[in-house]
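Colleague: So Swiss-Prot has the following annotated:
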type	residues	note
BINDING	Asn9, Arg20, Gly190, Gly211, His212	3-amino-2-oxopropyl phosphate binding site
BINDING	Asp11, His12, Arg47, His52, Thr102	1-deoxy-D-xylulose 5-phosphate binding site
ACT_SITE	His45	active site, proton acceptor
ACT_SITE	Glu72	active site, proton acceptor
SITE	Glu153	site 'Transition state stabilizer'
ACT_SITE	His189	active site, proton donor
Amino acid sequence: MSSIALGVNIDHIATLRNARNTEYPDLVEIANIAVNNGADFITVHLREDRRHIRDSDVFRLKDNLNVPLNLEIAAIDEMLAIAIAVQPECVCLVPEKRQELTTEGGLDVKNMFTYLMPFITQLHNHNIKVTLFVEPDINQINYAKKLSVDNIELHTGVYCNHNTQNELNRILEAAKHCYTNKIECHAGHGLDYQSAATIARVPYISALNIGHFLICEAVLHGIGTSIYKMKKVITNPL
């Protein structure tokens, strides 16, 4: 099988930093360690409440990375302006609720279609690729196709929480549907070594986004070691 890309989300490095409002750990330093150990791109989620990643983090990462920056944002005007100023290689549009601990599900592309169209057009006009974070649902992918997005990221959280064949089948079918419609397919949310190995075997998925689990593993084994192991797991799944 072809090599699958690993995106490392470093949001919770910022969570650790912000716990004491210090300047350490430094996100750029951590991002470079991630890249040196197999990360193909770096992902950060700039939330409306700035609970972890700050505006300045995004600009610093863009200026200091030698791999693509994948910026996750809510589809609101404030974030659009920041994305255009930063010029990340890719923006991933995600749903966002202030009270949630983490992103709880995919975008409802069907109901947001009219709103998303000019938003995506503006990003494309600034040569920024666009990903939509969606449930593994054929109907949602069909609407995403009409928006001419570059990528779909399939929400793997339900599969990771319940590990059912039915949910895995949904991911398989959604990835195949992306391929049929010439949309690059990524996946992420809740992945650990075991679930990432399974999802990495799904045909037509070209990249995985993994964050919280890797940061937790880093507490025990170090960030470099944890990312190196994950890259090995997903590129050589049994």
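Here, residue 1 is simply the first one shown, and the rest follow in order.
Glycine too: its Cβ is placed from the backbone N, Cα and C atoms.
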Colleague: Most Cβ neighbours within 10 Å: which of the recorded positions His45, His52 is it?
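Modeller: That would be His45, with the highest Cβ count within 10 Å.
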Colleague: On the Cα atoms of Asn9, Arg20, Gly190, Gly211, His212, which are listed as binding 3-amino-2-oxopropyl phosphate, what is the maximum pairwise distance in Å?
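Modeller: Between the outermost Cα atoms of Asn9, Arg20, Gly190, Gly211, His212, the distance is 26 Å.
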Colleague: Using DSSP, would you call His212 (3-amino-2-oxopropyl phosphate binding site) helix, strand or coil?
Modeller: helix
Colleague: Just checking, which of His12, Arg20, Arg47, His189 (recorded positions) has the fewest C-beta atoms within 10 Å of its C-beta?
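Modeller: Counting other Cβ atoms within 10 Å of each of the recorded positions His12, Arg20, Arg47, His189 gives the minimum at Arg20.
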Colleague: Round to the nearest Å and give the CA-to-CA distance linking Gly190 (3-amino-2-oxopropyl phosphate binding site) with Glu72 (active site, proton acceptor).
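Modeller: On Cα coordinates alone, these residues lie 16 Å apart.
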Colleague: Specify the nearest of the recorded positions Arg20, His45, Gly211 to His12 (1-deoxy-D-xylulose 5-phosphate binding site), where nearness means the distance between Cα atoms.
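Modeller: Ranked by Cα distance from His12 (1-deoxy-D-xylulose 5-phosphate binding site), first place goes to Gly211.
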